[in-house]
Amino acid sequence: MSTTTNIQLNNLTAISPIDGRYWGQVQVLSEYFSEYALIKYRVQVEIEYFIELSKLSELKPLNAVNKEDDHKKLRDIYLQFKESDAQKIKQIEKTTNHDIKAVEYFIKEKMHTELQYSEVVTEFIHFGLTSQDINNTAIPLSIVESVEKVLIPQLKQSILEPLRQFAQQWKSIPMLARTHGQPATPTTVGKELMVFIERLENQINHLEQSVPHTCKFGGATGNLNAHKVSYPAIDWVVFSEKFVKVLHPSLKRMRFTTQIEHYDNVASLLDAFKRINTILIDLCRDIWTYISMEYFNQKLVKGEVGSSTMPHKVNPIDFENAEGNMGVANALYEHLSAKLPISRLQRDLTDSTVLRSIGVPFSHSILSFKSIQRGLSKLVLNEANIAKDLDANWAVVSEAIQTILRREGFPKPYEALKELTRVSGSKKITESDIQTFIDSLSIPDDIKSELKLITPFNYIGIIPDF
């Protein structure tokens with residue numbers, strides 16, 4: 001078997017479709033979840049920690065660098081962080097065989113060469129910390145920023161906004177409902193879309209208001225031992241809790257940890273995105289079914305091909321693509337949320353391994369959001385077919401009739417309607433059948449008139465305002 005060694009990484013050679021075929025649609029997330037992004041976030045945490053240390057009067061060697069100008073120059077190390085800087089850190093790592101130590105050495109070198117800081121000063125980089133103080137702060141920071149800046153805005157823009165527009169546009173259009181795949185009490189097109197809107201909004205509210213973004217910042221085994229022994233007069237717990245808020249107001253430091261964050265809240269966040277995807281899979285399957293029933297038509301896109309052999313095909317590929325990608329995302333969300341909270345004793349390395357894949361399910365989710373958006377943009381409501389289906393299913397008003405008859409004290413109304421409407425084969429209950437049945441009832445004429453006003457088109461119940 002031949003071995004190819006000269007293949008360069010690009011969109012065609014990438015093993016993952018996220019970095020290959022779909023790169024153009026998901027590259028925005030590389031700012032948060034790529035190797036470059038992780039390194040940059042680590043540098044940011046180290047720098048901001050050093051700046052906060054410099055504000056402590058007890059740390060005499062740092063008093064001289066506690067100036068705004070110094071802080072600006074220090075922040076420029078990560079604010080102006082380039083790919084070449086990340087490459088330099090990776091080069092250092094080849095010697096250290098330790099990614100966080102490589103970040104530490106990179107920053108120290110920058111301080112020496114560009115800021116002319118003494119070695120006494122630079123030794124306060126990574127002071128009292130373990131690697132997981134950096135990772136378990138940098139990664140939650142990348143997650144919260146990606147959720148706030150990309151994932152939730154994309155979900156709202158791609159799906160909630162067009163769904164809400166359609167719901168408003170079609171709020172009064174009656175539609176035959178189907179339970180167990182069979183005709184059921186009518187509803188409206190707009191209300192059925194609002195079901196998904198409400199479900200999604202509930203999950204977004206849960207993400208924004210109820211899922212905390214927690215981090216770990218407490219030294220080798222979570223007790224701030226090195227901090228306490230070196231500067232016992234400082235309240236390091238208060239310092240650490242304030243520090244993580246400097247990075248992002250939503251970050252919250254866990255007080256009781258091992259060497260690593262317990263990830264319970266990361267798991268909660270991943271589970272929330274899994275639920276969002278599950279709701280969207282439900283949406284995709286429903287719209288797919290409505291398209292197959294010709295309740296929706298799809299706008300033709302010039303140049304597109306639906307089948308390599310059947311020229312007539314116009315397939316609901318956007319919803320199918322989204323469903324498939326959300327399945328991949330959910331499998332990864334499930335593994336991450338189940339695995340991350342488990343670590344042997346005070347720490348094993350398994351969390352580090354799987355955390356490197358945390359951007360992958362988010363990428364598949366973003367890809368799905370955009371795919372659904374494309375699919376929604378092609379939808380055209382087929383009102384004629386929807387009306388035709390309603391008119392062919394007059395049996396659905398039997399619920400209304402038997403309920404009014406119950407109100408009037410009519411004997412065995414359910415059984416009477418069941419006898420009329422529960423038919424088999426190709427026989428359909430028509431408007432005429434319903435009218436004839438009503439006329440045969442021994443009830444007052446005004447009740448007969450009330451019953452005759454009920455049709456599959458107006459028997460839609462109470463639709464809340466939206």
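Quick reminder: no glycine exception, Cβ is built from N, Cα and C everywhere.
Keep in mind the model is a prediction, meaning the values are calculated, not measured.
Among the candidates Gln259, Gln435, the residue that Swiss-Prot annotates alongside Arg21, Tyr22, Asn97, His98, Asp99, Thr130, Ser131, Arg347, Ser352, Arg356 as binding substrate is Gln259. For Arg21 (substrate binding site), the same-chain residues that are 6 or more apart in sequence and have a Cβ closer than 8 Å to its Cβ are Asn11. Annotation for the recorded positions His180, Arg347, Arg356: lowest Cβ count within 10 Å of the residue's own Cβ, His180. In this view, the densest Cβ surroundings among the binding-site residues Asn97, Ser131 belong to Ser131, judged by other Cβ atoms lying within 10 Å. For the pair formed by Asn97 (substrate binding site) and His180 (active site, proton donor/acceptor), distance between Cα atoms is given as 59 Å, rounded to the nearest Å. A straight line from the CA of Arg347 (substrate binding site) to the CA of His180 (active site, proton donor/acceptor) spans 49 Å.
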